[in-house]
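As structure tokens, the structure follows; a few thoughts come after it.
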Amino acid sequence: MPWVEPKPRPGPEQKPKLTKPDSATGPQWYQESQESESEGKQPPPGPLAPPKSPEPSGPLASEQDAPLPEGDDAPPRPSMLDDAPRLPLELDDAPLPEEETPEPTAICRHRHRCHTDCLEGLLSRTFQWLGWQVGAHPWIFLLAPLMLTAALGTGFLYLPKDEEEDLEEHYTPVGSPAKAERRFVQGHFTTNDSYRFSASRRSTEANFVSLLVVSYSDSLLDPATFAEVSKLDGAVQDLRVAREKGSQIQYQQVCARYRALCVPPNPILYAWQVNKTLNLSSISFPAYNHGRHPLYLTGFFGGYILGGSLGMGQLLLRAKAMRLLYYLKTEDPEYDVQSKQWLTHLLDQFTNIKNILALKKIEVVHFTSLSRQLEFEATSVTVIPVFHLAYILIILFAVTSCFRFDCIRNKMCVAAFGVISAFLAVVSGFGLLLHIGVPFVIIVANSPFLILGVGVDDMFIMISAWHKTNLADDIRERMSNVYSKAAVSITITTITNILALYTGIMSSFRSVQCFCIYTGMTLLFCYFYNITCFGAFMALDGKREVVCLCWLKKADPKWPSFKKFCCFPFGSVPDEHGTDIHPISLFFRDYFGPFLTRSESKYFVVFIYVLYIISSIYGCFHVQEGLDLRNLASDDSYITPYFNVEENYFSDYGPRVMVIVTKKVDYWDKDVRQKLENCTKIFEKNVYVDKNLTEFWLDAYVQYLKGNSQDPNEKNTFMNNIPDFLSNFPNFQHDINISSSNEIISSRGFIQTTDVSSSAKKKILLFQLRRIAEDCQIPLMVYNQAFIYFDQYAAILEDTVRNVLVASAAMFIVSLLLIPYPLCSLWVTFAIGSVIVGVTGFMAFWKVNLDSISMINLVICIGFSFDFSVHISYAFVSSSQPSVNQKSVEALYLLGYPVLQSAISTIIGVCVLAAAKAYIFRTFFKIMFLVMIFGAAHGLIFIPVFLTFFGRFI
């Protein structure tokens, strides 16, 4: 942040008040120091040239209302932007003591070390020189960025259209433990979809169709309802896909098989179809012994009521819902393609199937292995209409904010071009990264809405600085003055926002990395275009002012009324030297500031803040972690009711987890088996594990050997009988990995998890199972394909905390480097932490999860919190007012309107996302809305009040 030399403290004999002299006008009150005209029109010295002493004041130095132009050799002097709508940094228009304030550059030269005012001086001189060049050659600076945009825009040719966005790659942690566990399973265990399919033994998700059937009556365990379900099952299996040359893809061709038959979609339904006399009131749950073959029914029935013990479980008295699972071949590439074609055809025809069947007893919802991907990609279409609306609203806001009755100073066209400049930045930034090959993920579609708000803020700063220049000055000199004032401000805010964004690259989520890269690059282009093509357009508009001003010095009654209004509104000649103080700034000075600094107001503000921080902390402990898969689709998607039914009826049981022995062990050793059994018992004692559904080949094998009068403790006996055992128990064939040297390299068993419906429970389950495996004396590993997504629950909080801490530390360092007041830096850090706690806490109240999408917003939150708080704090500590209340009022007068307008413009930029039908876009709006509201509240209410309590220590 650019720094100006602190003004001398008023002594006892000199106590300037924050009151307006009777004879002073509004602009004069904040311009008490003498200002002078520059004499030369030569370009300022280069950016690295040493500053020179100021020239003697010119003949117009006595004019109180004239701003101080920059002369040939005059060093750039910082000045305040009274009504800049975003975070202007210079404060020279504040009331000054009568004694002369030394020049910052002069002080800097006499110091042994270069302080932050030297950095500000270098930046100011650099931009002063750039502004002169833009004013001298506006067409070059206007057309060159347009040509660059046209060239980089060709990168949109590489925008992926038909390529699927890999949800696992982009929305699960990079290098997560589950991915390493999956690689181990794939390297040590095989599966066979064509002959011996087992869903629980697969390391990856198979192609499948899942139908959830809900009965309109209390239970579907009656022959009439089963007959209707069977009719639905027959319609699905009869579905055919027509191919070229008259061939077809039938379900029987692509279905996963167990021996010669397609895997039944529901074991009990299949048993009833084979034997219609099956007594549906004598089924045990969760395991059912059918013809000496145990059938595990977890996940196949929901909304059930159980009775007394029966066989391998309890009597299933009633069941409200049933699941039909149709597994398809996945391993073979050719069959995989055919399976997906069949699934796509099913999705297209499923509504017609339901209409034809006219089901009366059941309701059906559907989901496939392709649904998540297809519906997620479809969400991008929902945001396209609101994208156009956002630009219309921003243009209207910008044009309205820049409207003046004085048509010479009117900047409506300039404001409209400023919005266009932000659009050019989006095209250039996205085009460049698409050329490079950075993946474009759907959540990057949120970025243009954010760029709109930020770009408009920077535009307002430059327009406000232009209004502070002298109409009679040369365009080059006016642009030089504008850049020396405004460009430093937008440079600092751009640096902080980009710095906060680029900390997100450290995230372990690819989606967060891609968003931060795209948004950071686009912010750079937005900044570059603001100081080039937008500045050039403003210079060209300045020439219009000059031409219009030169036309008339006095209004002639003979001229047409349109000509009068165009150049001289209401028939008056514009003030060439006047400054433009916005009425809202006067409101902050005359009404809001004095009201806020009253004692009773301060106590009320403290009370409100205590309530805010308590409720925020409470919310932080109740925020849900992880990305709910149903939120990847739009609200009207068919998968939303599917997940609702699944949550209501099928949440009692979780995934069936592999327990893998990862190294060679002596299974024939009784002590080894005892250690392994002890570990299994520890797993079964876990609150999230059903001890009655454990399945392990070793237990069955030991019983098999003992039943055949064999000694399981003798190595040769143990190893030589394994082939016979596997032929009698083929279910275990894929659970033992035996090498060519007849050694068991690895093996696995299974445990059944229960009651893990919430993200918090999934996180705890994963942590506890892995901890048990680590603590076991036998080398164990736990894995299920769902763990790939469960890992996000453990990683998201760690990632968020790390990114927030790193970004906050970076902001603290930046504030220390650019602000010569350590206490101010502490207040900035306090505000950042307070806003983050508030946003995180209120996410829980607004039902927003802490996931990779919201983590992006929390990172962005840091940059905006810095912008809102740093300038108010700096204006307070650098104020020369004698009392803390007057310091606070002055800070609000100078910067209250910019902070307010910055928040409003950003909210307008993202508010259209509230109408989006997709969670990922609404979440962006919700969190950015909270960031703007809480950030503005800290900048305009909390920080000004709290500073009055501690101002005496400054």
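Note that Cβ sites are derived from N, Cα and C of the backbone, with glycine treated the same way.
Since the structure is predicted, the reported quantities are computational estimates derived from the model, not experimental observations.
If you look up Swiss-Prot, you'll see 1-103 marked as region 'Disordered'.
The compositional bias 'Acidic residues' annotation in Swiss-Prot covers 90-102.
Feature annotation from Swiss-Prot assigns transmembrane segment to 139-159 (among others). Long-range Cβ contacts of the transmembrane segment (139-159) within its own chain (Cβ-Cβ under 8 Å, at least 6 residues beyond either end) map to 133, 424, 427-428, 430-435, 437, 440, 528-529, 532-533, 535-537, 540.
Spatially close to Asn192 (N-linked glycosylation site) yet at least six residues away along the chain are Glu331, His734, judged by Cβ distances under 8 angstroms. DSSP assigns Asn192 (N-linked glycosylation site) to a strand segment in the three-state reduction. What Swiss-Prot lists as N-linked glycosylation site is Asn192 (among others), and the listing cites sequence analysis.
DSSP assigns Asn275 (N-linked glycosylation site) to coil, not to a helix or a strand. Look at Swiss-Prot and you will find Asn275 (among others) tagged as N-linked glycosylation site, backed by sequence analysis.
Look at Swiss-Prot and you will find Asn279 (among others) tagged as N-linked glycosylation site. Proximity of Asn279 (N-linked glycosylation site) to non-local residues of its own chain (separation of 6 or more, Cβ distance below 8 Å) is seen for none.
When Cβ-Cβ distances below 8 Å are used as the criterion, the transmembrane segment (297-317) is approached by residues 212, 214, 219, 221, 266-268, 281-289, 323, 325, 648-650, 652-653, 656, 692-693, 752 of the same chain, each at least six residues removed from its ends. Marked as transmembrane segment by Swiss-Prot: 297-317 (among others).
What Swiss-Prot records for 383-403 (among others) is transmembrane segment. Outside the transmembrane segment (383-403) by six or more residues, the chain places 85, 410-412, 414-416, 418-419, 422-423, 445, 448-449, 452-453, 456, 459-460, 463, 901, 904-905, 908-913, 915-916, 918, 921 with a CB less than 8 A from a CB of the stretch.
Residues or ranges marked as transmembrane segment by Swiss-Prot: 423-443 (among others).
If you look at the transmembrane segment (447-467), the same-chain residues 6 or more away from its ends with a CB under 8 A from one of its CBs are 81-88, 387, 390-391, 394, 397-398, 401-402, 409, 411, 414-415, 418-419, 421-423, 425-426, 478, 481-482, 485-487, 489-490, 493-494, 497, 515, 518-519, 522-523, 526-527, 530, 534-535, 538, 542, 579-580, 860, 898, 901-902, 905-910, 912-913, 924, 928. The transmembrane segment annotation in Swiss-Prot covers 447-467 (among others) and rests on sequence analysis.
Residues annotated as transmembrane segment in Swiss-Prot, with sequence analysis given as evidence: 486-506 (among others).
Sequence-remote contacts of a segment are chain residues at least 6 beyond its ends whose Cβ falls under 8 Å from one of its Cβ atoms, and for the transmembrane segment (520-540) they are 127, 130-131, 134-135, 138-142, 144-146, 411, 414, 417-418, 421-422, 424-426, 428-430, 432-433, 447-448, 451, 454-455, 458-459, 462-463, 466, 475, 479, 482-483, 487, 490-491, 494, 497-498, 501-502. What Swiss-Prot records for 520-540 (among others) is transmembrane segment.
The transmembrane segment feature in Swiss-Prot is assigned to 603-623 (among others).
Asn678 (N-linked glycosylation site) carries a helical DSSP state (H, G or I). According to Swiss-Prot, the feature N-linked glycosylation site maps to Asn678 (among others).
Within 10 Å of the C-beta of Asn692 (N-linked glycosylation site) we count 11 further C-beta atoms, all protein chains included. Residues or ranges marked as N-linked glycosylation site by Swiss-Prot: Asn692 (among others).
Sequence-distant neighbours of Asn737 (N-linked glycosylation site): residues of the same chain at least 6 apart with a C-beta under 8 Å from its C-beta are His188, Phe189, Ile744, Ile745, Ser746, Ser747. Look at Swiss-Prot and you will find Asn737 (among others) tagged as N-linked glycosylation site, backed by sequence analysis.
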Self-check item: Rounded Cα separation (Å) that holds between Asn678 (N-linked glycosylation site) and Asn275 (N-linked glycosylation site)
Solution: 42
Quiz item: In whole Å, how far is Asn275 (N-linked glycosylation site) from Asn692 (N-linked glycosylation site) when you measure between their Cα atoms?
Solution: 28
Quiz item: Can you find at least 3 Cβ pairs under 8 Å between the transmembrane segment (603-623) and the transmembrane segment (423-443), where each pair is 6 or more residues apart in sequence?
Solution: no
Practice problem: Report, as numbers and ranges, every residue of the chain located at least six residues beyond the transmembrane segment (927-947) whose Cβ falls under 8 Å of a Cβ in that stretch; write 'none' if there are none. | Solution: 450, 593, 596-597, 601-602, 605-606, 609, 827, 831, 834-835, 838-839, 842-843, 846, 848, 854, 857-858, 860-861, 864-865, 867-869, 871-873, 876-877, 884, 887-888, 891-892, 895-896, 899-900, 902-903, 906-907, 910-911
Quiz item: How many other Cβ atoms are found within 10 Å of the Cβ atom of Asn678 (N-linked glycosylation site), counting all protein chains shown?
Solution: 12
Self-check item: Outside the transmembrane segment (423-443), six or more residues from its ends: residues with CB under 8 Å to it
Solution: 145-146, 148-149, 152-160, 165, 170, 376-377, 379-380, 391, 451, 455, 510-511, 514-515, 517-518, 521-526, 528-529, 533, 852-853, 856, 920, 924
Quiz prompt | Surrounding CB atoms that lie within 10 Å of the CB of Asn275 (N-linked glycosylation site), all protein chains | solution = 10
